[in-house]
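S.K.: My questions all concern the structure below.
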Amino acid sequence: MWENKFAKESLTFDDVLLIPAASDVLPNDADLSVELSERIKLNIPVISAGMDTVTESKMAIAMARQGGLGVIHKNMGIEEQAEEVQKVKRSENGVITNPFYLTPDESVYEAEALMGKYRISGVPIVSDKESRELVGILTNRDLRFIEDFSIKISDVMTKENLITAPVGTTLDEAETILQEHKIEKLPLVENGRLEGLITIKDIEKVLEFPHAAKDAHGRLLAAAAIGTSKDTEIRAQKLVEAGVDALIIDTAHGHSSGVIQEVKKMKEKYPEITIVAGNVATAEATRALFEAGADVVKVGIGPGSICTTRVVAGVGVPQITAIYDCATEARKFGKAIIADGGIKFSGDIIKALAAGGHAVMLGSLLAGTEESPGATEVFQGRQYKVYRGMGSLGAMEKGSNDRYFQEDKTPRKFVPEGIEGRTAYKGPLQDTIYQLMGGVRAGMGYTGSPDLKTLRDEAQFTRMGPAGLAESHPHNVQITKESPNYSF
């Protein structure tokens, strides 16, 4: 032990390059899909971080539509986080199997509140909540000129000539019915009982986002962060009830007894939910979490742009080595790891994937997009969005202190492991994802990798020094026009 104290040398993204190989792979033909677990299949290997300036429902919806996954942060109340998950799960459906419904005796005000809360344009009306016999439908058109919202729904709903379809109707069949009758919502009934709903908006979204990441019911995938605090059990329960697909047990040090016990507890209670645990940076930690029941392990101690763990606590492993060591252990279990942090360019993504990551988690690269929840501000004539680490004072005061095992401390006693800052505004998420995945596709073409498994198994690295890094970036020239995928 003592003799080997300084034996390990570690590498990060700027220390290595992928070696080009013989290839018949065209970048546009590269397969970017990945299976993280039995129930989580993504069409791009990208996950947005569970940070309070990166991912809420708006980002999670946009990520899933691009084929990735969003992790809704936990710096909010339990009910609020569950509602954020519900917004994602209800934003897009092949067939809505559990549609919202109201009864004729409820008020128009209640209908307006429900439709506003979940941003829906109509709701089926049933005779009562037990029999659920369909008796009408209420849409925005029915409410357009209403002034007295205390009246009953029965006074304004559409009752006559309701257009319905039987359970089992396909989306193609539903589209024909909707277009023929010029309606937007098609209730699915069986013996008069409301059993489902298909909307024209959902059909349009299927056509607009053909590569969206969805569950077995055609709903967008959603993940949510939990911790190891006192409210974790009830938080997890509410998230599962809301339809979450993956629970991220998110801590700064995943190789700790509290996290391992939490993984065991969650996997035992929710075997159908994908359990992701982290963060770790060693093979031993990876093994411990997989043996505890984790489906996926998240790798990264201190590589993030807003993280100060390595300089405050003096702890961490440079990210490429951490990914490789953890992936080597994960291969023994036939399970996946997520490379979390330190990624500055699309080239870093493909390096992380080639080193053994099944997917990457991004914070700073996505924090400047339109869909992130960070506040927009103007500085020296340019637009920026606020971006902060979950170990920053502001985030810890809002609730992330348990991530750093400081739940019992008052704000004055917090020892932060992150900073608060700003990042340039980038516009819509889809533009950023397009550029990032374009870089990954290019790398797969250079390395002759038709899919991500081949990239993980066969791609080779070369080490480089500071001169090699300087040579890799533009040099001996003044950049006069910025590129959409490069800033330094």
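Using the three backbone atoms N, Cα and C, a Cβ is placed for every residue, glycine included.
So Swiss-Prot lists the following for this protein:
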type     : residues                                                               : note
DOMAIN   : 95-153                                                                 : domain 'CBS 1'
DOMAIN   : 157-213                                                                : domain 'CBS 2'
BINDING  : D250, G300, I301, G302                                                 : NAD(+) binding site
BINDING  : G302, G304, C307, E471, S472, H473                                     : K(+) binding site
BINDING  : S305, D340, G341, G342, G363, S364, Y387, R388, G389, M390, G391, E417 : IMP binding site
ACT_SITE : C307                                                                   : active site, thioimidate intermediate
ACT_SITE : R403                                                                   : active site, proton acceptor
REGION   : 467-488                                                                : region 'Disordered'
COMPBIAS : 475-488                                                                : compositional bias 'Polar residues'
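Show me how these features fit into the shown structure, please.
M.R.: DSSP places the residues of the domain 'CBS 1' (95-153) in helix, strand and coil in these numbers: 15 helix, 16 strand, 28 coil.
In the domain 'CBS 2' (157-213), helix, strand and coil residues by DSSP number 20 helix, 16 strand, 21 coil.
Cβ neighbours within 10 Å of G302 (NAD(+) binding site), excluding its own Cβ and spanning all shown chains: 26.
Neighbour density for G304 (K(+) binding site): within 10 A of its CB lie 26 other CB atoms from the protein chains shown.
Under the DSSP three-state reduction, S305 (IMP binding site) is assigned to coil, being neither helix nor strand. Listed in sequence order, G342, K344, G363, S364 are the same-chain residues six or more apart from S305 (IMP binding site) with CB atoms under 8 A from its CB.
Over all protein chains present, the Cβ of C307 (K(+) binding site) has 24 other Cβ atoms lying within 10 Å.
Nonlocal intrachain contacts for the compositional bias 'Polar residues' (475-488), taken as residues 6+ away from its ends with a CB within less than 8 angstroms of a stretch CB, comprise 345-346, 424, 431, 435-436, 438-439.
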S.K.: Widest Cα span across the IMP binders S305, D340, G341, G342, G363, S364, Y387, R388, G389, M390, G391, E417, in Å?
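M.R.: In whole numbers, the farthest two Cα atoms are 16 Å apart.
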S.K.: What does DSSP call E471 (K(+) binding site) in the simple three-state scheme?
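M.R.: DSSP call for E471 (K(+) binding site): helix.
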S.K.: Taking DSSP as the reference, which of helix, strand or coil describes G300 (NAD(+) binding site)?
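M.R.: SS state of G300 (NAD(+) binding site) = coil.
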S.K.: Check G363 (IMP binding site) against DSSP and tell me helix, strand or coil, would you?
M.R.: coil
S.K.: Can you check how the pLDDT averages out over the domain 'CBS 2' (157-213)?
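M.R.: The average pLDDT of the model in the domain 'CBS 2' (157-213) works out to 90.
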S.K.: Looking only at G300, G341, G363, G389, G391, which of these binding-site residues has the biggest number of Cβ atoms within 10 Å around its Cβ?
M.R.: G300
S.K.: According to DSSP, folded down to helix, strand and coil, what is G391 (IMP binding site)?
M.R.: coil
